[in-house]
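Novice: Could you have a look at this structure, given as structure tokens, before my questions?
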Ligand SMILES: Cc1ncc(COP(=O)(O)O)c(C=O)c1O
């Protein structure tokens with residue numbers, strides 16, 4: 001996809017905010033290795049830049065979802081440990097070895113088939129245990145024991161880790177979290193030996209639970225966003241790193257009774273100043289955002305009419321020069337639009353909002 005550098009719309013990422021969030025997490029979780037989740041292009045912030053900034057402040061490694069995401073990091077000079085969290089096809093194993101990417105194993109069939117492919121350079125494996133997420137991983141202690149034994153005896157396999165993933169760590173009610181934790185604990189107790197990394201924590205588990213691992217898979221809170229939305233307070237301040245800004249490309253005085261946008265869903269009720277902003281649903285700024293607001297010169301301005309593919313219109317309180325900054329997410333003077341507010345308006349979670357911003361929007365770092 002062509003990145004639209006010659007348009008004033010951009011995502012601005014504050015790498016110092018990311019580093020500060022990580023420094024707080026490193027202090028909070030002393031003695032544990034932190035692997036930061038930079039999958040989905042660093043949750044929309046830019047995987048390479050975020051990884052480099054995170055490694056500078058002392059995290060150990062990086063988590064991605066696919067082998068291609070890992071290869072992008074390697075091709076950009078990153079040689080830190082990488083763990084791919086998603087199951088890979090057997091045919092992709094040579095790439096995992098070439099690029100030194102640890103991968104999960106979730107079934108015995110996969111393990112046996114993988115073994116057939118291997119020659120000398122060992123494949124690094126993390127045993128995935130499904131304690132109640134219902135996504136990937138072994139369900140029983142017998143299977144986990146068999147997998148562990150098999151890996152230990154296979155000359156071209158290295159047992160690097162064992163992990164599980166919690167489904168309710170971001171909720172106040174912790175009964176189900178306790179149940180998953182107990183299941184994982186029992187599995188660990190049945191193993192004669194543990195690998196180098198035992199990991200169960202995402203951001204929410206790290207912030208709100210005592211976990212039994214020695215490594216953390218830290219994602220959303222690094223980007224300064226509260227994993228629970230607004231339900232729980234983080235134990236240290238989280239600084240959001242992402243702003244979304246643009247500029248007015250046209251401002252016009254529209255007489256009373258005129259339609260704005262496709263379908264004429266908005267009609268001016270008097271003479272109104274209407275501004276056009278070059279961002280739309282093709283950028284991941286969704287049609288449902290109609291009726292929400294942006295900031296111009298420190299004032300909230302309503303998005304009027306339907307959001308188009310590449311543009312949207314806003315109602316301005318007064319005439320404003322073209323080229324004036326428009327803040328869609330972030331601060332302007334004493335006002336702010338947060339990702340949480342956008343997520344609430346869209347009836348979703350901020351994770352989905354940040355991951356939806358398309359590659360067309362350039363990412364700028366400061
Ligand atoms: C297996 C796994 N671990 C860790 C994370 C990071 O989670 P969070 O961004 O909530 O910290 C994710 C993200 O979805 C994940 O799928």
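Glycine is treated like the rest: Cβ placed from N, Cα and C.
Because the structure is a prediction, the values reported are computed rather than measured.
Here's the feature list from TrEMBL:
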ACT_SITE  39  active site, proton acceptor
MOD_RES   39  N6-(pyridoxal phosphate)lysine
BINDING   135, 309  substrate binding site
DOMAIN    241-366  domain 'Alanine racemase C-terminal'
ACT_SITE  262  active site, proton acceptor
Novice: If H, G and I count as helix, E and B as strand, and all else as coil, what does DSSP give for residue 135 (substrate binding site)?
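Specialist: For residue 135 (substrate binding site) - judged by DSSP and reduced to three states - the answer is coil.
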Novice: Within 10 Å of the Cβ of residue 262 (active site, proton acceptor), how many other Cβ atoms can be counted across all chains shown?
Specialist: 12
Novice: Of all the recorded positions here, 39, 135, which one's CB has the most other CB atoms within 10 A?
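Specialist: Answer by Cβ density within 10 Å: 39.
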Novice: Measuring Cα to Cα, how many angstrom lie between residue 309 (substrate binding site) and residue 39 (active site, proton acceptor)?
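Specialist: The Cα atom of residue 309 (substrate binding site) is 26 Å away from the Cα atom of residue 39 (active site, proton acceptor).
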Novice: Give the distance between the Cα atoms of residue 262 (active site, proton acceptor) and residue 39 (active site, proton acceptor), rounded to the nearest whole Å.
Specialist: 35
Novice: What's the CA-CA gap between residue 135 (substrate binding site) and residue 39 (active site, proton acceptor) in angstrom, rounded?
Specialist: 17
